[in-house]
């Protein structure tokens, strides 16, 4: 009889999971999700969130930043925003400083010093738990503010899905006055005549020497000379509401307390007064302080105030040879003559002419002359401008500004500032209005002036097609829910910065002195254009006193390319 086989040995027990807890009950693995929710310690459970494709709506003041796009070695809005997203927990450590890994995109790329009231960026972020916007704003500087976010489709891109962009440029009214801040030649010609042009001598000298604000670089003065900053975006004294120079950098007060020089008084028959913060004594104030970013940038804050009105600022006399000559011309028989004020304002006639000039940009054109680094043959040079107008005047800190609004599908580097620059040159009779007949031609290269960046800001990015297509399943990407918040941000940061730069630095005033034929010889292109064989050409007086639209006899008519048609 065979021996009985031994009983089988029991199976080995499973190896228990490693645990830092000595309680065996705590180490037991739950058998279901509900048991896990009930049995796990909330303090040790780490919630796992999913990334969401979202569009973030935000605004920022461009003071002290080198533009929106991230640039190694420079302080940019995008650089600060990416770091804030990481600090707020929206981006993991592995994706830090690698925006491509979370589908980063921006709706617009603003230049150095340009602000935005309604910028849109998109990407895949961890937006849970609730309170993402508060966490993000806590990591951002006060001049960058996120309004909110919207869940979007997985294929959404803030750059590709943006149909159109609206920019606003606040241009001081005096910039349209041909007699305000004339070029150096006109100032020198008026010496000894008692004309008010002599009051701007130092201003024009500085405009001639500061590089970066004119067609070619001039001689750079020594540091501290006439208070000139050596930066490319130089500065100059500005005007208060009465037209009085309000900066010691261009002070022409006499040592015995004489009156400062005056330029044209700026007014308007229909202007809009913006509501700025009001101090305790009822005086309106706009907050701003001077930053130390190397370029004389003015960074708005609540720590310093700029008072609005005609209150004269106490200016320290600056002893310069040019100023002494200017003061000598003011005196006659031992008595000082008060400067004569002009009554230039944004009248209906001026408005009609300015809007007519801006209408030249509307439609599809080749804007190679209104940008840099883009050749005329490049298809990217063709852009479609939907509308361009300047119908209102706003008052900021005692200075009247024309509100120039442009809407387009997209814009190239410096394009808007160059469009404003040439329009101002035509308004001031520096260039004939007929220059637009050749400005968009591929075979014509023009050196077009670039207006200062401080008055430009992005007002809105629109996603009309996307919102219409996905209206049933996704929330619209729109600034409408954040309109009041955006308006408050503009009043608190963007508008005070624009006014402060004109009051303290006179950005536009300095730039106006560079608009002459010496710096921009292409203003006379229509005079030097090759005429037809045997045709007689009537010369045009394109000086400061020239009439816009002067008649030209028998000059070959400029033909626009067939592709440059309005859509």
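Here the Cβ of each residue, glycine as well, is placed from N, Cα and C on the backbone.
Residues annotated as active site, nucleophile in TrEMBL: 111. Residues within less than 8 Å, Cβ to Cβ, of residue 111 (active site, nucleophile) and separated from it by at least 6 positions along the same chain comprise 67, 413, 414, 417, 453, 456.
Taking Cβ-Cβ distances under 8 Å and a sequence separation of 6 or more, the neighbours of residue 167 (substrate binding site) in its chain are 405, 406, 407, 411, 416, 456, 457, 458, 459. TrEMBL lists 167 with the feature substrate binding site.
The compositional bias 'Pro residues' annotation in TrEMBL covers 1-11.
According to TrEMBL, the compositional bias 'Low complexity' annotation covers 29-42.
Feature annotation from TrEMBL assigns compositional bias 'Basic and acidic residues' to 238-254.
The domain 'Pseudouridine synthase I TruA alpha/beta' annotation in TrEMBL covers 358-463. Sorting the domain 'Pseudouridine synthase I TruA alpha/beta' (358-463) by DSSP state (H, G, I as helix; E, B as strand; all else coil) yields 30 helix, 36 strand, 40 coil.
The region 'Disordered' annotation in TrEMBL covers 1-48 (among others).
Per TrEMBL, region 'Disordered' is recorded for 211-300 (among others).
Under the heading region 'Disordered', TrEMBL lists 317-338 (among others).
Here TrEMBL flags 544-567 (among others) as region 'Disordered'.
Per-residue pLDDT, averaged along the domain 'Pseudouridine synthase I TruA alpha/beta' (358-463), amounts to 96 for this model.
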